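Take a look at the structure below.
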Amino acid sequence: MNDFREGLLSINLQSIADNYLDLTRRLADGTRCGAVVKADAYGLGMTQVAPTLFRQGCRDFFVATQAEGERLRGELGDDVRIVILTGVRNGAELECARAGLIPTLFTLEQLRNWVEICARAELSAPCAVKMDSGMTRLGLSEEEFELLLRDRQLLNSADIHILLSHLACADEPLHPQNDYQLRSFKEAGERLRSLCPEVQLSLANSSGIFLGEDYHFDIARPGSALYGVNPVPGTPNLMRPTVALSLPIVQKRFVSREQSVGYGATQQAAAGSWLAVARGGYADGIIRAQGGRGRGWACGRYLPIIGRISMDSTTFDISALSDQDRESLQSIEILNKELTVDEVAEYAGTIGYEVLTSLGHRYFRRYIKS
Ligand SMILES: *Cc1c(COP(=O)(O)O)cnc(C)c1O
């Protein structure tokens, strides 16, 4: 028996596959579409999502950590390239090289270490190098990049597969930072490629794909758009939603006179209203900031969340339902086609990425394959 009493999280693998193919079609000729499956595929389950993408032809996977990379290698075998976006842990270089994982290195010292340690162990040592084109997070600074270009010995001994950089403002198409980073990355790429012609270039995340072909280079690295987050906020979402979350109702109650609801008594239920308390709270990733602002969906209607969200439960005002619908009501959806991750993020004062990666682990997870 499937146990839905803790909530039902439906994850549509077919929609994820469709989103991957959709993004692939948007890319310039010759650009490969990779996939970012870090943080357990943004909370949706890497062991289900990665093989789905593999079947669509994806062969370049990006994860955040070495542990994620090792797990993914176990899932997908040796036929794929796995890039670790946050480099290699000090002392873990040999494990990383033996698993055939490609660390993204962002200082010259890391690059020298990687080359030296792997050479001593006679292991091949493919790597990616990240340059900072203007985000000021990870990456070789302009000065360090110059030093790399001048260090021919290092360049000859390092097996650099990919030069990558990350955009800070890709979801704001008109932001001048995009053009600035594009120029900086393009120039760096051309210079490195004149010395190491095999190096592939990668700049675009999901939103970067929608900035136009100039941003595509050799490999795109979408994550969020695969999972249904709108890559171009403020315009209709071209991606398919991939998740639905249904919370079972554990109590319905009639409120005979006006009365406050939940912790802090922050909101009043009107006299004559009906409330439903659903299983699922902030411990399940229902972001607490949605309290009194967000909404659920049932019987073709939106139902407001009333009062603060508790650790294990959320209360909805279901007065808008007909008597018959109210009586038969057993669950309320808080994510679906009508209530997207982007909309929920807006109520919660955050972004779709956080809504997805917060999804809890008490729900029953159902994977839809077609
Ligand atoms: C997470 C991440 C991505 C994917 O970004 P999305 O906006 O989710 O498409 C790409 N590149 C790097 C370096 C990342 O950290």
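Quick reminder: no glycine exception, Cβ is built from N, Cα and C everywhere.
The active site, proton acceptor annotation in TrEMBL covers Lys38 (among others). The secondary structure of Lys38 (active site, proton acceptor), as reduced to three states from DSSP, is helical. Spatially close to Lys38 (active site, proton acceptor) yet at least six residues away along the chain are Phe62, Val63, Ala64, Thr65, Glu68, Leu85, Gly223, judged by Cβ distances under 8 angstroms.
Look at Tyr263 (active site, proton acceptor): DSSP puts it in a helix. As annotated by TrEMBL, active site, proton acceptor applies to Tyr263 (among others).
Arg137 (substrate binding site) is surrounded by 9 other CB atoms, counting those within 10 A of its CB over all protein chains shown. Summarising the annotation, TrEMBL assigns substrate binding site to Arg137, Met311.
According to TrEMBL, the domain 'Alanine racemase C-terminal' annotation covers 242-368.
The N6-(pyridoxal phosphate)lysine annotation in TrEMBL covers Lys38.
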*Express the distance between the Cα positions of Met311 (substrate binding site) and Tyr263 (active site, proton acceptor) as a whole number of Å.*
11
*For Arg137 (substrate binding site) and Tyr263 (active site, proton acceptor), determine the Cα separation and express it in whole Å.*
39
*Counting by DSSP, what is the helix, strand and coil composition of the domain 'Alanine racemase C-terminal' (242-368)?*
30 helix, 52 strand, 45 coil
*Check each residue in the chain of Tyr263 (active site, proton acceptor) that is at least six apart in sequence and keep those whose C-beta is under 8 Å from its C-beta; list them in sequence order.*
Gly307, Arg308, Ser310
*CB contacts for Met311 (substrate binding site) [other CB atoms within 10 A, all chains]*: 11
